[in-house]
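**Q** Here it is: the structure, laid out below.
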Amino acid sequence: MQHGKYRFIVGFLTAPLAIYGLFVIWPFIQSIYYSFTDWSGLSPEFKMVGFKNYTRLLDDEVFWKSLQHSVMLVVLLPLVTLTMALFFAFMLNVGGRRRKNAAIAGVRGSAFYKVVYFFPQVLSIAIVALLFQFAYNPNSGAINSALKAIGLDSVQPDWLGDPDLALWCVFAVLVWCTVGFFVVLFSAGMASIPKDYYEAALLDGANRITTFFKITLPLLWDTVQSGWAYVGILALGAEAFAVVQIMTVGPNGGGPDYSTTVLPLYVYQKAFRDGQAAYATTIGVALLIVTLLFVAVVMKLGRRERLEY
Amino acid sequence: MKTTPAPGPREKATEGRVLNIFSHGMLILWAFMVVLPLLWAVMTSFKTDKEIFSSPWALPDSLHFDNWSRAWTEANMSDYFLNTIIVVGFSLLGTMLLGSMAAYVLARFEFPGNRFIYFLFIGGMSFPIILALVPLFYVMQNLSLLNTLPGLILVYIGYSLPFTVFFMTAFFRTLPSSVAEAAFVDGASHTRTFFQVMLPMAKPGLISITIFNFLGQWNQYMLPTVLNTEPDNKVLTQGLVQLAVSQGYKGDWSGLFAGLVMAMLPVLAAYIVFQRQVVQGLTAGALK
């Protein structure tokens with residue numbers, strides 16, 4: 001297999017590497033370089049300013065708010081989403097009435113639930129965000145009208161307009177979008193756990209809660225861990241950006257009094273609204289550090305003996 | 001070590017029943033919460049503006065299909081659809097072709113720099129895209145690719161490559177090498193072996209990753225928002241958001257809802273038809 005091997009390798013790698021290098025790697029390296037300059041992005045001129053952008057970050061109140069919100073999302077979103085998904089997946093697979101000859105059984109209609117729960121996953125996050133923006137509308141939105149219909153006329157929150165509530169409204173939409181995917185994923189994992197494990201546990205008198213913590217969760221841990229990393233990256237990146245930018249009020253989004261702003265949105269605003277490209281890349285570097293820290297924590301906390309079965 | 005005796009048949013049955021009611025209850029509740037907003041949107045898209053504001057939960061008094069035709073023609077939904085189809089079609093083709101070419105070489109050939117290039121590709125999976133977008137904007141501007149569909153296509157391909165290469169490399173490694181060697185001994189070139197022998201063998205992997213990339217690119221919002229601000233070139237997601245912003249002043253809410261539902265229905269319908277493949281593609285794709 002040596003004949004023409006190198007010519008072939010070069011021929012097959014050139015185009016993919018060129019596109020990837022030019023549009024992904026090169027801008028990425030450049031952005032770290034620009035974070036040490038005073039480039040506005042509007043004119044080609046700039047000079048090196050050392051760590052000036054980084055010291056400016058320390059005094060930037062909006063940056064700290066964005067950081068705080070991003071950190072909150074990256075901690076809470078995986079926690080809430082994965083807990084809910086594990087709960088539903090366990091219900092689907094083990095929550096059913098015990099039938100003859102089977103130690104455990106799924107609920108009736110579990111295939112149907114899996115289909116329905118997956119709906120949000122195929123929809124665009126932008127479309128979902130728009131839809132919920134209408135639902136949250138304080139005067140004629142679906143949620144407040146529903147509250148009114150059940151006699152809660154006095155409870156008519158401002159939702160996205162209320163600085164204390166806005167971020168939670170955004171959070172709920174992100175949960176709504178992500179849970180179903182993991183229900184399906186964890187269900188597939190649970191289905192591959194041998195039934196005899198459950199039978200043995202039930203013979204020993206274990207109830208379902210014990211079997212979940214002693215059998216299901218440990219055997220599913222690899223999937224949970226990669227899911228955790230996956231949701232965290234969504235919470236720090238494009239999904240959070242889209243939801244906050246579309247749903248929340250204020251110039252270009254960010255919520256009343258920056259109550260929902262997140263790091264990727266702040267990068268976007270500084271670069272493309274305020275014409276401070278260099279400073280935007282500095283915020284981007286901060287986001288990169290948060291992302292890397294998060295991935296490191298997941299790897300560290302998630303490490304366990306791999307269970308073979 | 002048995003501390004408590006196993007429950008008798010009677011206890012077992014009651015435990016099962018209570019749990020059954022509880023689990024069904026929770027499951028139904030969440031199914032309801034998933035479906036309700038979607039049904040509400042479909043219902044609203046057939047109402048008049050006045051009905052939308054006065055009674056958001058009531059059924060429309062008659063089906064206003066004119067909302068849909070207005071959205072399709074006047075609100076430019078047809079153009080947004082066309083742009084999205086062009087961009088996603090070409091990016092998908094490019095991603096799959098270039099991604100599997102690179103993955104094939106990385107998976108099956110030893111050469112200096114193999115590991116380095118592999119990690120260069122998969123490193124792209126974990127870094128925040130928004131960081132690269134700021135300089136990318138100016139790279140595109142200098143190449144006159146900013147606000148053009150070909151520019152957007154190239155960027156989509158670039159950002160889909162890390163995962164595609166990662167997934168397809170793993171897939172090509174699992175294929176038996178005897179078939180490729182046989183083809184090569186029979187006189188086929190490396191290129192021919194790839195296109196006529198290996199690529200067809202990789203079909204299951206190609207389908208999974210194509211579905212994954214299709215949904216990702218069809219639903220993309222951040223890249224077009226930053227790199228494609230020319231009104232005529234807008235894709236579906238940004239067109240709708242743009243419409244929502246401007247509707248705030250014009251007030252054609254029913255048309256906007258029709259547009260929203262129009263954008264949701266094709267993917268939902270495709271999902272229901274191809275559900276098994278979509279689920280396999282996405283789950284294999286996301287967490288391999």
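Every residue number used here counts from 1 along the chain in the order it is shown.
Cβ from N, Cα, C; glycine included.
Reproduced below are the annotations present in TrEMBL:
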type: DOMAIN; residues: A:67-298; note: domain 'ABC transmembrane type-1'
type: TRANSMEM; residues: A:7-29; note: transmembrane segment
type: TRANSMEM; residues: A:71-94; note: transmembrane segment
type: TRANSMEM; residues: A:115-136; note: transmembrane segment
type: TRANSMEM; residues: A:165-186; note: transmembrane segment
type: TRANSMEM; residues: A:227-247; note: transmembrane segment
type: TRANSMEM; residues: A:277-299; note: transmembrane segment
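Provide an account of the burial state, proximal residues and distances for the features listed.
**A** Within the chain, the transmembrane segment (A:7-29) has no long-range Cβ neighbours under 8 A that lie six or more residues past its boundaries.
Packing against the transmembrane segment (A:165-186) from elsewhere in the chain are residues 69, 72-73, 76-77, 80-82, 84-86, 88-90, 92, 113-114, 116-121, 123, 125, 128-129, 132, 136, 157-159, 220, 223-224, 227, 231, 234-235, 239-240, 243-244, 247-248, 255-256, 259-260: each is 6 or more residues past its ends and has a CB under 8 Å from a CB in it.
When Cβ-Cβ distances below 8 Å are used as the criterion, the transmembrane segment (A:277-299) is approached by residues 31-32, 34-42, 46, 49, 53-54, 56-57, 63, 66-67, 70-71, 74, 225, 228-229, 232-233, 236-237, 263-264, 266-268, 270-271 of the same chain, each at least six residues removed from its ends.
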